[in-house]
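Below is one structure, written out as structure tokens; the observations come after it.
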Amino acid sequence: MAGAKISTCLPPNANPTQAAIAYGCRALPKLNEELQSDDLLTRQKALTALCDLMHDPEHVYTAISIGCLESLKALLKDTNDLVRIKTTEVLCVMATHNVGREGFLEHSVIRALSFLLNDPQSACRENLYTAFKHLAQVPAGALGIVNSGLIPSLVWKLQREEEEIQVLLLDTLAACLMEDATEALASRAVPFLKEKLLSTNSDIRSKAARTLTAVSVPLEGKIQVWQHDVIPILVHLLKDREEEVQANAAGVLMNAAVTTGGKYAALDAEATGPLLQLLTSSLSKARLNAIKALTMLAEAPEGRKLLQSHVATFRLLEELQPAVQRAAQIAIKVIEWKP
């Protein structure tokens, strides 16, 4: 005769490291209470559960409205490594949503995260920089990071972090410096980024060049790029095996060559040849940056003389995308200009 038997196995799909989620609208308030628990295991399980829920922007909105961000800010100071790692992971997921980014700015989460820049756990720092990267994707978020006074610290950390984290830092800096590069220029960002252009990692080379493009928008940045002898390295990168690196290097030259010093530094480094080769690149960005850089060089008599025999090449570009077409037409006018 059959008898009742209680299994010793866990229920299917049960996660012993995750807190049980309450039903319906009670789920997030209960987790918020558990985040404030004195019991370490309870806090850890609540964070694991919350991390899964934060992939839904509606849950992010609800979590912010009931005060979860304040609970998470408190947990950033927890002495337990796993709690800090999971807390930064939750915030990282929240930062992928626009409502989460707005919550960061309204609840001063940037400042709370900044205290973990020197955290001994690399996973914690990686989550932190990923959250900053997501936040910087919107102008208000990038400006929030700049206004928090973190740019000098991020530039300094660029020299000391692991390569995976350097990539995240460069993404963040590139977006932030488009808003304001003043603090970065005062923190020797150009010499630091110059070193990254020589990295064996193509991602780092590409993103360092993109960050230099942002740094070289203001006049002081343009001046520093040629004063620190970055231009010969950029000309070398125009022949890099990665097209993205080539495109970004051309973007920096486009900005730096606006000044007279930048023009002649590029001409001395024989930039015209590699830039002309980029006109046939498969990347539209590379072609556009190359055309604009060559236009800047053509403003110098020596550059104009070098490019006069290549006007036909620019005329072929008039049949491409509107932005490339307009840039090519301007380049032809500058090259053919006669005093």
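A Cβ is built for glycine as well, from the same backbone N, Cα and C atoms used for every other residue.
Per TrEMBL, these features apply:
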DOMAIN    68-194  domain 'Condensin complex subunit 1 C-terminal'
REPEAT    229-271  repeat 'ARM'
REPEAT    230-266  repeat 'HEAT'
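Per DSSP, the repeat 'ARM' (229-271) is made up of 30 helix, 0 strand, 13 coil. Under DSSP, the residues of the domain 'Condensin complex subunit 1 C-terminal' (68-194) split into helix, strand and coil as follows: 95 helix, 0 strand, 32 coil.
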